[in-house]
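Single-structure report; data block below.
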């Protein structure tokens, strides 16, 4: 990944919603709001110009019951805001003095720039296909064969043989990102479980400062690099996207937005 190496060492099942799941993400975020959030994604300077569409997002979300449809209206809005914020950080083309602000430039990239590795780890379960490279692609910048394999199995596509689909088919790209979001990586909970209020931190979690909120989602995604050492500009960037998107959706941010004092998950 560009700023993140997602490492999923344990293949987990998709975390399905507990309780009431209803409707569609289209009832939570409209096309106009989506376009406002990702204001410059189709700018001529963006590598991903024309790739990430609202229709692809809605279609991908429909494949994961519970995503953006669990709990209260506010909980649903926060989940969509959190997902788009985290993935916006992974694909950002923004800078401090960018037009409309740094947080209007999410989804500018669809694949890792200047990848120097094939991200292939020898695996009997998820063997690399000859000549294929598993660098960061899509909204979450999915990396490594041991992520492409289980993600592909979950969505019914052979991504080990066809990793480029994550960056050439927007619905596939969104599906891999939502798969990652919905899937627990023990001892990490799923990001969905956290934002939907389904995760109860253990004593060890609390001792490590890991409590429910947007901050622990950053810890799940890239805690080993960004969390537990005080102020970090990457964490602040994620929070900036999240606050902007919550404001657009008209929902409060909740508590515990950063992971500055959280120890990373083991």
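Using the three backbone atoms N, Cα and C, a Cβ is placed for every residue, glycine included.
The annotation signal peptide is assigned in Swiss-Prot to 1-23. Per Swiss-Prot, the feature disulfide bond maps to 46-108, 120-128, 227-259. Sequence annotations record features per position, and here Swiss-Prot assigns active site, proton donor to 90 based on similarity to another entry.
Structural mapping of features recorded in Swiss-Prot.
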residue	record	DSSP (3 states)
46	disulfide bond	coil
90	active site, proton donor	helix
108	disulfide bond	coil
120	disulfide bond	coil
128	disulfide bond	coil
227	disulfide bond	coil
259	disulfide bond	coil
**Item:** Minimum Cα separation from residue 108 (disulfide bond), reported as the residue among recorded positions 90, 120, 227 that achieves it
**Value:** 90
**Request:** Can you figure out which of 46, 90, 120, 128 (the recorded positions) comes closest in space to residue 259 (disulfide bond), comparing Cα atoms?
**Result:** 90
**Complete:** CA pair residue 90 (active site, proton donor) / residue 227 (disulfide bond), Å rounded to integer, equals 16
**Item:** Neighbourhood of residue 46 (disulfide bond), C-beta criterion under 8 angstroms, separation at least six
**Value:** 40, 93, 105, 107, 108, 109
**Fill in**
residue 128 (disulfide bond), Cβ-centred 10 Å count of other Cβ atoms over all protein chains shown, is 22
**Request:** Compute the C-alpha separation of residue 227 (disulfide bond) from residue 128 (disulfide bond), stating it in Å without decimals.
**Result:** 31
**Message:** Return the residues near residue 120 (disulfide bond) by Cβ distance under 8 Å, restricted to its own chain and a separation of at least 6 in sequence.
**Reply:** 128, 132, 133, 134, 144, 145
**Prompt:** Just counting, how many other CB atoms are there within 10 A of the CB of residue 227 (disulfide bond)?
**Reply:** 28
